[in-house]
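See below for the structure under consideration.
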Amino acid sequence: MDPNCSCTTGGSCACAGSCKCKECKCTSCKKCCCSCCPVGCAKCAQGCVCKGSSEKCRCCA
């Protein structure tokens, strides 16, 4: 589990727009940094939306 997030890996979560998760893997969260983003992606904090490593992030394209 991410120390900055109460979400469980791969589970549902109630992250808000202010979510500070570093590597949130919640399937229901659209505000956390995505696993398909490169490390240090500055745009993750701006609401990057993608669901997994097989999907390219629109914010990182």
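Cβ atoms here come from the backbone N, Cα and C positions, even for glycine.
As recorded in Swiss-Prot, the features of this protein are as follows:
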- Cys5, Cys7, Cys21, Cys24: divalent metal cation 1 binding site (BINDING)
- Cys7, Cys13, Cys15, Cys26: divalent metal cation 2 binding site (BINDING)
- Cys15, Cys19, Cys24, Cys29: divalent metal cation 3 binding site (BINDING)
- Cys33, Cys34, Cys44, Cys48: divalent metal cation 4 binding site (BINDING)
- Cys34, Cys36, Cys37, Cys50: divalent metal cation 5 binding site (BINDING)
- Cys37, Cys41, Cys44, Cys60: divalent metal cation 6 binding site (BINDING)
- Cys50, Cys57, Cys59, Cys60: divalent metal cation 7 binding site (BINDING)
- 1-29: region 'Beta' (REGION)
- 30-61: region 'Alpha' (REGION)
Count the other Cβ atoms sitting within 10 Å of the Cβ of Cys41 (divalent metal cation 6 binding site), across every protein chain shown.
16
Which whole number is the mean pLDDT over the region 'Beta' (1-29)?
62
